[in-house]
Each structure stands twice: as C-alpha cells, then as structure tokens.
Amino acid sequence: MNKESKDDDMSLGKFSFSHFLYYLVLIVVIVYGLYKLFTGHGSDINFGKFLLRTSPYMWANLGIALCVGLSVVGAAWGIFITGSSMIGAGVRAPRITTKNLISIIFCEVVAIYGLIIAIVFSSKLTVATAENMYSKSNLYTGYSLFWAGITVGASNLICGIAVGITGATAAISDAADSALFVKILVIEIFGSILGLLGLIVGLLMAGKASEFQ
C-alpha cells in the first residue's frame, strides 16, 4: 500500500511540474504580448518581418545541420536498440551475431543518407552580394533548404528507430528459431526504404532552388 501511494505521489509530482512549466511559458508569452500591445508596439510582433529580416543563409545552414544531426541520431538510436538486443541474445545463441550485423548496416546507412543530402545542399551555399541578399531567389533557396533538411532528417530519424526495433526483433527471433530471420529481414528492408523516400522528397523540394546570388 505504501509503495502504491509513493508511486502515485511521484507521478503526481511529475504531472504537476510539467504543467507548471507549460503554464509558466504560456503566461510569459501572454504578458509579453499584452505589454507590446498596450505600449503601442504591437507591430513588433510580426512573424512575417522576422522571416524577411532573417538571413537566408541561417535557414539554409540550419536545414543542413538538422539533416545531418537527425540522421545521425536516428542511426545511433537504431544501432543502440539492435546492438543491445543482439548482444543479449548472442549470449544464448552465439551463431546469430555475424548474421544479424546486417541490421547494424541498415541503421548506419541512415546516417549516410543524411550526409549525402547535406553535401548536395551545401553545394548551393555560394557567396551572395549584400544588395541581393534578401532577393526572392535567395529567400526561396534558404527556406527550401531548411524544410528539405528537416524532411530528410525527420524521415531518417523515424527510419533508424524502425530499423532498430525490427532488427532487435530479428535477433531475438533468430536466437529462438533461425527460420524466422529471413522473414523478419523482409520487414526490415521495407522499414529502411522510409529513409530513401525521405531522401527523394528532400531532393525534389530543393531541386528548384538555385544557388545564392
């Protein structure tokens, strides 16, 4: 009984703390907005002005960084899930360790996808003149590389997790019955295609973006 009440108190504490942070941020945003409104500076809160005044180089570099970063996180996460299960199951069945290394390779390919796309995107980062920095062409290139990088990075992140979970299941199933490995490997291959789809979509999104001028 004491243990259950202690668990309830801990969950209630976590619940209250998360809500406290949420309402604190909400109150700060509302107070700041009302302050700007009642002091005659309501026009300062202008998201469109923020987009137009922010350098397109920042958006492009941020998209490239997210592309590589999320892809590496997805690959590392998948390798962690697959590797821990493979090592644990390999204690009982050492024969599975070599065969299940293909799952680690599938996870590592996810990071390579992100690196390739980052290299392709970085080729558009040429030096622009100060007069044409905020031209329509440069703004489009910056926004395009930003959202394309997020698309590729998020796809590779999800792909790495999916391949990692499937690879872990394949290792455990192979330890119990070697005939199940090939069947689960087919599912793992379909999961790895998710990263390839994100790569193609990212190339299509940034395909019409010209170099900075």
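Including glycine, each Cβ sits where the backbone N, Cα and C put it.
In three-state terms derived from DSSP, Glu108 (site 'Essential for proton translocation') belongs to a helical segment. Taking the Cβ of Glu108 (site 'Essential for proton translocation') as reference, residues of its chain lying under 8 Å away and at least six apart in sequence are, in sequence order, Ala75, Ile79. Annotated site 'Essential for proton translocation' per Swiss-Prot: Glu108, in sequence order, evidence recorded as experimental evidence.
Feature annotation from Swiss-Prot assigns topological domain 'Vacuolar' to 1-14 (among others); the stated evidence is a curator's inference.
Residues or ranges marked as topological domain 'Cytoplasmic' by Swiss-Prot: 36-61 (among others). DSSP labels the residues of the topological domain 'Cytoplasmic' (36-61) in these numbers: 19 helix, 0 strand, 7 coil.
Look at Swiss-Prot and you will find 83-100 (among others) tagged as topological domain 'Vacuolar', backed by a curator's inference. Long-range contacts of the topological domain 'Vacuolar' (83-100) within its own chain (CB-CB distance under 8 A, at least 6 residues past either end) are made by residues 167-172, 174-175, 178, 181.
For the topological domain 'Cytoplasmic' (122-144), the model's pLDDT averages out at 84. If you look up Swiss-Prot, you'll see 122-144 (among others) marked as topological domain 'Cytoplasmic'.
Across the topological domain 'Vacuolar' (166-183), DSSP helix (H, G, I), strand (E, B) and coil residues number 15 helix, 0 strand, 3 coil. Per Swiss-Prot, topological domain 'Vacuolar' is recorded for 166-183 (among others).
Swiss-Prot lists 205-213 (among others) with the feature topological domain 'Cytoplasmic', giving a curator's inference as the kind of evidence. Within its own chain, the topological domain 'Cytoplasmic' (205-213) has Cβ neighbours under 8 Å at 56-57, 60, 120-121, 123-129, 132, 135, 137-138, 140-141, 144-145, 147-148, 151, counting only residues six or more beyond its boundaries.
Among the features that Swiss-Prot reports, transmembrane segment is placed at 15-35 (among others), with the record citing sequence analysis.
The annotation transmembrane segment is assigned in Swiss-Prot to 62-82 (among others).
Summarising the annotation, Swiss-Prot assigns transmembrane segment to 101-121 (among others) and lists sequence analysis as the type of evidence.
Marked as transmembrane segment by Swiss-Prot on the basis of sequence analysis: 145-165 (among others).
Feature annotation from Swiss-Prot assigns transmembrane segment to 184-204 (among others). Within its own chain, the transmembrane segment (184-204) has Cβ neighbours under 8 Å at 67, 71, 74, 102-103, 106, 109-110, 113, 116-117, 120, 148-149, 151-152, 154-156, 158-160, 162-163, 166-167, 169-170, 173-174, counting only residues six or more beyond its boundaries.
Tertiary proximity for the topological domain 'Cytoplasmic' (122-144) is limited to same-chain residues at least six positions away from its ends with a CB under 8 Å from its CB atoms, namely 52-53, 55-61, 64, 205-206, 208-213.
Within the chain, the transmembrane segment (62-82) has long-range Cβ neighbours (under 8 A, six or more residues past its boundaries) at 100, 103-104, 106-111, 113-115, 117-118, 121-122, 145-150, 152-154, 156-165, 167-168, 171, 195, 202.
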